[in-house]
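Peer 1: Swiss-Prot feature annotations, pasted as is:
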BINDING   Arg61, Tyr195, Lys201, Arg325  substrate binding site
BINDING   Lys201, His220, Gly238, Leu239, Ser240, Gly241, Thr242, Gly243, Lys244, Thr245, Thr246, Glu287, Arg325, Thr450  ATP binding site
BINDING   Lys201, His220, Asp259  Mn(2+) binding site
Amino acid sequence: MKTIGEFNAAHGPEAIGLTDLAAVHWNLEAPRLYEEALRRNEAQLARGGALVATTGSHTGRSPKDKYVVRDAGTENEIWWDNNGSITPDQFATLLDDFRAHARGKELFAQDLFGGADPAHRVRARVYTELAWHSLFIRNLLIRPERADLAAYVPELTIIDLPSFQADPARHGCRSKTVIAIDFSQKIVLIGGSAYAGEMKKSVFTYLNYVLPGTGVMPMHCSANASLDETGDSALFFGLSGTGKTTLSNDSSRQLIGDDEHGWSRDGIFNFEGGCYAKTIRLSRNAEPEIYATTERFGTVMENVVIDPLTRVPDFDDASLTENTRCAYPLDFIANASATGRAGHPKNIVMLTCDAFGVMPPIAKLTGAEAMYHFLSGYTAKVAGTERGLTAPEATFSTCFGAPFMPRHPSVYGNLLRELMAEHGVDCWLVNTGWTGGGVGTGRRMPIRVTRRLLSAALDGSLAQVEFRRDPYFGFSVPVEVPGVETQVLSPVETWTNKAAFADTATRLVTMFRENFKRFESHVDADVRAAEPVAAAIAA
């Protein structure tokens with residue numbers, strides 16, 4: 001077997017049972033990975049220097065094809081209502097078949113870290129059969145110093161073979177696509193999908209499983225911090241496509257990370273060393289920091305259409321998918337944190353993409369309301385972020401990231417509530433979805449409005465304004481905010497048909513109530529009293 005690059009020879013591919021490989025390219029950096037990806041016709045060059053790849057039929061995650069090995073160690077630890085399972089024997093067969101499929105192939109390996117805090121990080125080795133996948137995951141996770149590679153010993157191993165086709169009868173899955181995690185062996189197998197996001201979310205899922213036991217709260221959120229001497233941080237929870245990356249990229253604040261973080265007794269820390277930003281309808285004027293990364297060597301653009309002659313990206317072209325993305329190292333953002341760490345948050349923002357158009361652009365939550373809305377995780381699945389999703393769909397994704405949370409939501413909710421109370425954190429619910437009507441009749445909340453409201457929340461001025469109680473949801477909504485039209489703050493005033501608004505709001509409240517029934521036995525009376533209808537009746 002030929003080896004190219006630097007690695008710990010005492011812990012090579014044989015340690016995971018990968019044998020008879022044609023070659024392994026170890027820890028290659030961007031220039032070499034560009035060469036390999038272009039030589040293999042895996043990708044193209046865009047004007048400006050980014051590498052552009054397409055992912056075929058899988059242009060988003062495949063959550064229904066994700067499985068956890070159900071064994072003695074996980075039986076009572078995993079939330080099986082939300083996680084598919086396979087047996088240890090089925091996983092063993094799958095792993096053997098992955099090994100057989102890899103024989104004779106050239107693979108690319110990256111030795112990386114998940115977690116900027118050395119006390120709470122995982123050493124993740126990622127094997128891929130595509131060179132551009134290797135660059136993608138190198139961009140997204142944290143890269144060790146080259147001098148440390150010779151002593152690197154992996155804790156978690158990911159094997160990503162898009163050309164592998166699973167056999168449902170043999171492997172216990174439902175299709176030819178499979179994402180299987182064995183927490184006991186610390187192995188992840190990804191087959192039948194070239195969507196690169198599966199790799200990063202597998203690391204996230206692993207950390208979401210192991211960290212709560214150490215008292216660390218893993219979070220599907222972005223984070224930034226003020227540039228002044230206080231350095232106070234803010235967290236932005238939200239499902240993919242709700243604005244986490246866009247809103248945390250603020251030139252007036254330091255970016256900690258755009259998607260995955262931990263909150264320990266020492267503060268917050270990024271799980272990653274890069275960003276994975278949506279690029280559909282990306283604008284140089286509206287999102288200059290992200291736009292600039294698409295014109296840099298080293299960035300990977302996924303399913304972005306480029307002109308066949310000029311190689312200029314067309315960010316308005318959704319012919320491949322709405323879920324177009326770019327992946328780049330965190331240091332491509334000028335104001336990004338060099339450490340990926342910050343102190344305890346002063347503010348938490350829960351982003352919801354309200355597909356009904358009845359929620360206000362911002363609301364202040366009590367501790368109990370924050371717990372309620374965190375467990376509810378109301379949002380809309382935005383087109384393209386999952387396979388087969390072509391239009392926004394109202395949903396409840398508990399913890400604002402149900403597909404990645406292997407444990408019961410109450411584990412994460414209780415940790416969050418405890419940390420919020422301990423550090424006196426203000427919590428805000430922000431609607432980046434629709435206003436003036438639902439999907440098809442209303443319009444998306446203007447980003448300038450969201451940015452203005454967030455600025456007021458983060459600098460402390462919003463907490464000082466007059467608030468009213470929302471008649472449907474019970475939370476506190478600002479009456480006036482300088483620089484924002486008063487009408488926008490009151491959703492009913494943006495609808496021409498007030499009766500239709502009332503009917504729609506009532507329907508959404510009913511959805512909240514039905515969804516939360518599964519959590520009622522896991523929360524106290526204060527959280528149950530934060531239920532929208534209960535709050536409205538009490539008013």
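Glycine is no exception: its Cβ is also placed from the backbone N, Cα and C atoms.
Give me the lay of the land around each of these features.
Peer 2: Counting Cβ atoms from all protein chains shown, Lys201 (substrate binding site) has 26 others lying within 10 Å of its own Cβ.
In the three-state DSSP scheme, Ser240 (ATP binding site) is classed as coil.
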Peer 1: Secondary structure at Thr246 (ATP binding site) (DSSP, helix/strand/coil)?
Peer 2: helix
Peer 1: Just checking: which of Arg61, Tyr195, Lys201, His220, Arg325 have a Cα that is within 10 Å of the Cα of Gly238 (ATP binding site), counting only these binding-site residues?
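Peer 2: Of Arg61, Tyr195, Lys201, His220, Arg325, within range: His220.
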Peer 1: Can you tell which of the binding-site residues Tyr195, Lys201, Arg325 lies nearest to Thr246 (ATP binding site) in space, using Cα positions?
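Peer 2: Smallest Cα separation from Thr246 (ATP binding site) among Tyr195, Lys201, Arg325: Arg325.
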Peer 1: Nearest to Arg61 (substrate binding site) by Cα, among His220, Ser240, Thr242, Asp259 (binding-site residues)?
Peer 2: Ser240
Peer 1: How big is the Cα-to-Cα gap, in Å, between Thr242 (ATP binding site) and Tyr195 (substrate binding site)?
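Peer 2: Their Cα atoms are separated by 20 Å.
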Peer 1: So, three-state DSSP: helix, strand or coil for Lys201 (substrate binding site)?
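Peer 2: For Lys201 (substrate binding site) - judged by DSSP and reduced to three states - the answer is helix.
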Peer 1: Quick check for you: of the binding-site residues Tyr195, Ser240, Lys244, Arg325, which have their Cα within 10 Å of the Cα of Asp259 (Mn(2+) binding site)?
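Peer 2: Near Asp259 (Mn(2+) binding site), where near means Cα within 10 Å, the binding-site residues are Ser240, Lys244.
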Peer 1: Would you count the other C-beta atoms found within 10 angstroms of the C-beta of Gly238 (ATP binding site) for me?
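Peer 2: So the Cβ neighbour count for Gly238 (ATP binding site) comes to 27.
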